[in-house]
Amino acid sequence: MKTIFLVGGGTGGHLFPAIALGEELQERGYNVYLITDTRCEKYLLNSNYSFKIHIMNMVSISNTGIKKLYAYIRILAACITGFKLVYSNSPGLIVTFGGYTIAPIIINGILFKIPFILHEQNSVLGLANRLFLRYAKAITVTFANTLNLNNRYKHKVIVTGTPVRKALRFTPKRNFNSKNFQLLVIGGSQGTEIFSTLVPNAIKLLVNCDHDFKITIVHQAVAKDINYVKAMYTELNIEHEVSDFFYNIADKYKNSHLAICRAGASTISEIISLCQPAILVPYPISAQNHQLFNAKAIADNKAGWCIEQSTITPHILFEKIFTLMQSPTLLASTELKLREMKINAENLLANAVEKFIVT
């Protein structure tokens, strides 16, 4: 069976959908080769994926001075590595998921006349995808109304959604009437610094108001903030678990009644797959503000709540959490709306991939 390259790097948002597609394609009998970079290496720790994985040493070109020169040298080296990978494996197709790691592989794919398709997770077409779209066989998208997509390429669009990893493809049975209320705080694969102060201060207000709930917090924090966040929850006598990354994130979703999170495409796909009611706080300086569009797509479907970072305060967050804690019917109806938004993105994307494989 032919080899398929899956390429994505930089953040978990680019890596995890590639892994999800890899799992589906491997079940269909294809040889999968996952290519990412050193920034994503930590997300592969403790994993047991059976497909091949290559980790490239990429450096951001946003550096200045001697670091910028070093970055260009690394890019040249990555192009040489990409040449060797494509030449030695002769993939039947390349599928990319974003991040500048895709460039050396796509360039060599074009050189060797290997077809490739792009996947856009967000509601706004990213820079790398805009750059290579003219050469792509197709672009698979999460949102039918993806912005920044030139009309001349609309014929290449296939709506598939964003695939999620096998471990996250289930719908938990949550009891929203329970007085044991678990709150999940996630800031994407890299954590979110603002949540380190915003959420504990909102919980402080919650602890001091009159209610009969037992609150548990599971909080993914920026590594440098972990001790501070733990100390805050300990002072409030709140049961908590704080880490910079949860390898068993499926269990955290399964046991949580409400999430507070960013609105990156991977997170959005996960909360839809797991029907997780969530308060979305879009990252305000995401590329082309795509997280705001992602969050509004959820909120407009009454499948979650969007509060922009420029307006959110501990008191506003406290009021929203407190209202939802006391509204099990609203949480249940939100879960139902998310269930209605679920699609089998892994299957749809794998079907699209099979149309373009060179045998």
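Even glycines carry a Cβ here, placed using N, Cα and C.
As given in Swiss-Prot:
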- T11, G12, G13, N122, R165, S189, Q291: UDP-N-acetyl-alpha-D-glucosamine binding site (BINDING)
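Features per Swiss-Prot, on structure.
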{"residue": "T11", "record": "UDP-N-acetyl-alpha-D-glucosamine binding site", "Cβ neighbours (10 Å)": "18"}
{"residue": "G12", "record": "UDP-N-acetyl-alpha-D-glucosamine binding site", "Cβ neighbours (10 Å)": "21"}
{"residue": "G13", "record": "UDP-N-acetyl-alpha-D-glucosamine binding site", "Cβ neighbours (10 Å)": "24"}
{"residue": "N122", "record": "UDP-N-acetyl-alpha-D-glucosamine binding site", "Cβ neighbours (10 Å)": "28"}
{"residue": "R165", "record": "UDP-N-acetyl-alpha-D-glucosamine binding site", "Cβ neighbours (10 Å)": "22"}
{"residue": "Q291", "record": "UDP-N-acetyl-alpha-D-glucosamine binding site", "Cβ neighbours (10 Å)": "29"}
